[in-house]
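Here is what Swiss-Prot records for this protein:
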type     : residues     : note
DISULFID : Cys31-Cys127 : disulfide bond
DISULFID : Cys81-Cys133 : disulfide bond
CARBOHYD : Asn135       : N-linked glycosylation site
SIGNAL   : 1-19         : signal peptide
Amino acid sequence: MPSSSALLCCLVFLAGVAASRDASAPSDSSCTHFSNSLPLMLRELRTAFSRVKNFFQMKDQLDSMLLTQSLLDDFKGYLGCQALSEMIQFYLEEVMPQAENHGPEIKEHVNSLGEKLKTLRLRLRRCHRFLPCENKSKAVEQVKSVFSKLQERGVYKAMSEFDIFINYIETYTTMKMKN
């Protein structure tokens, strides 16, 4: 059984490590730059998406919506952080890898779109007021469930609605900047 002084020493060490890590973490003042660069980042996402938008919207033969009002409601509500985080992960890990399988030109543009989305996610994480979350979003689970059921058509649906996703990102981040 370790002595109480050894345990105390370990606790002091861990507290010091945590304090030094927190000191090197970006502060709220560093988020000011993010708030200023967000419109440009969203514009770059929209421009990158415009290069594949027609391809995926022409292939999307479904009348139903994948990105529904309930997802936007989650973005606007207390689950906004988690919904945004999960949707970025969903597009990066499930949708875009499948979307890249439609020829070299499409792959190049989808890859560029994915890189821009990864950059946005990284900047959101650095500014903790935008992504301080851990709960699960039921609306995101619904999107993933419908996407899976649609199989190949799910890729067309999800990619054809990527502009809606960008709008939801903008709604969420604009709301967070006002808080």
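Just so it is clear, glycine is given a Cβ too, placed from its N, Cα and C backbone atoms.
What you see is a predicted model, and the numbers here were worked out from it, not measured in a lab.
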If one measures from the C-alpha of Cys81 (disulfide bond) to the C-alpha of Cys127 (disulfide bond), what distance in angstrom results, rounded to a whole number?
12
For Cys127 (disulfide bond), the number of neighbouring Cβ atoms whose distance to its own Cβ is within 10 Å equals 22
